[in-house]
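Going by TrEMBL, these are the annotated features:
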- A:Pro2: active site, schiff-base intermediate with DNA (ACT_SITE)
- A:2-113: domain 'Formamidopyrimidine-DNA glycosylase catalytic' (DOMAIN)
- A:Glu3: active site, proton donor (ACT_SITE)
- A:Lys58: active site, proton donor (ACT_SITE)
- A:His91, A:Arg110: DNA binding site (BINDING)
- A:238-272: domain 'FPG-type' (DOMAIN)
- A:Arg262: active site, proton donor (ACT_SITE)
Amino acid sequence: MPELPEVETVRRGLKRLVKGKVIEKVKVTYAPMVKTGVDTFCQDLIGQEIEHVERRGKYLLLYLTDFVLISHLRMEGKYNFFPEQVPTNKHFHVLFTFTDGSTLVYQDVRKFGTMELLGKSDVEVYFISRKIGPEPSEEDFGLEEFVKKLAKSKKPIKSHLLDQSLVAGLGNIYVDEVLFRAQVHPAQASQQLSAEQVADLRQATIEVLRLGIEKGGSTIRTYKNALGMDGTMQDYLQVYGKTGQACPRCQTEIVKIQLGGRGTHFCPQCQVKHG
DNA sequence: TAACACACCTGTTGGC
DNA sequence: TGCCAACAGGTGTGTT
């Protein structure tokens with residue numbers, strides 16, 4: 001599921017459902033998920049109130065009374081909220097029970113997701129050390145810096161855009177959409193892009209992710225009743241998952257290739273490789 | 001430093 | 001139908 005628009009949708013859902021709640025009990029059934037140590041995690045969270053729910057790139061940040069809980073959903077992580085009884089499910093790995101009897105449950109089939117509990121002053125260093133780039137907004141995502149970084153790299157542009165240090169939030173679905181919108185071939189070397197193409201890529205990134213947020217993210221391989229899984233962005237995708245279908249711009253068949261190990265969809269007519 | 005392979009896990013899909 | 005390989009929306013680590 002989760003690229004930036006999906007994580008933002010989850011953030012909004014969490015804010016609505018658990019902001020102001022106080023944690024009474026925490027149960028972790030898959031300890032390796034909690035990177036900062038499961039015992040202190042469960043202990044430290046007791047009595048903490050969820051004050052704000054924020055997001056940085058694809059990371060969720062739960063600001064608590066004394067700590068910040070950083071949650072990354074990776075490939076399949078999702079949150080469920082149960083006002084009363086919690087059903088049994090072998091993929092429920094972390095359960096936060098609140099003082100009012102409700103429960104927030106983290107579910108993750110592939111167990112790739114991570115949680116970390118940090119002090120509030122450690123958050124900035126955390127993202128710097130992970131080299132998380134600017135948010136994909138007009139204000140944060142500067143063209144000049146983007147141009148500079150691309151000029152230094154021979155990497156295929158798609159692989160480069162997936163690197164979160166360039167800009168935070170793109171994943172395999174939205175990156176294909178961004179390249180289609182900017183009419184850039186996914187395998188084009190970063191440093192061979194024209195100034196116009198680079199500017200178009202920046203603009204497309206901002207617009208595609210904004211649209212994704214507006215549509216509540218995309219729901220592919222849906223699990224109902226999970227927070228943030230009610231999006232409609234899948235109805236607006238132009239190339240991702242459209243192999244063999246007509247390009248919305250020129251009617252040429254969309255093709256799928258492997259690039260950097262990832263399924264990559266593009267229009268061979270609109271997105272031509274140069275150099 | 002950069003670019004790539006691989007590991008982490010489980011479920012689903014498509015080919016034979 | 002059964003089996004099995006390939007694939008699935010991400011990122012951290014290790015190796016060239």
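Each Cβ is built from the backbone N, Cα and C atoms, and glycine gets one as well.
Caution: TrEMBL annotation is automatic and unverified by curators.
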Considering only the recorded positions A:Lys58, A:His91, A:Arg110, which residue has the minimal Cα-Cα separation from the residue listed as 'active site, schiff-base intermediate with DNA'? A:Lys58
Recorded positions compared (A:Lys58, A:His91, A:Arg262) - highest count of Cβ atoms within 10 Å: A:Lys58
Counting every protein chain present, what is the number of Cβ atoms, excluding its own, within 10 Å of the Cβ of A:Pro2 (active site, schiff-base intermediate with DNA)? 22
Going by C-beta under 8 A and a gap of 6 or more residues, the same-chain neighbours of A:Arg110 (DNA binding site) are A:Arg74, A:Met75, A:Glu76
For A:Glu3 (active site, proton donor), write down the residues of its own chain that are at least 6 apart in sequence and whose Cβ falls under 8 Å from its Cβ; none is a fine answer. A:Lys58, A:Gly169, A:Leu170, A:Gly171, A:Asn172, A:Ile173, A:Tyr174, A:Gly212, A:Gly217
Counts by DSSP class (helix H/G/I, strand E/B, coil) across the domain 'Formamidopyrimidine-DNA glycosylase catalytic' (A:2-113): 26 helix, 45 strand, 41 coil
Confidence summary (mean pLDDT) of the domain 'Formamidopyrimidine-DNA glycosylase catalytic' (A:2-113): 96
For the C-alpha pair, I'd like the distance in angstrom between A:His91 (DNA binding site) and A:Arg262 (active site, proton donor), rounded off. 26
The correct DSSP tally for the domain 'FPG-type' (A:238-272) reads 0 helix, 12 strand, 23 coil
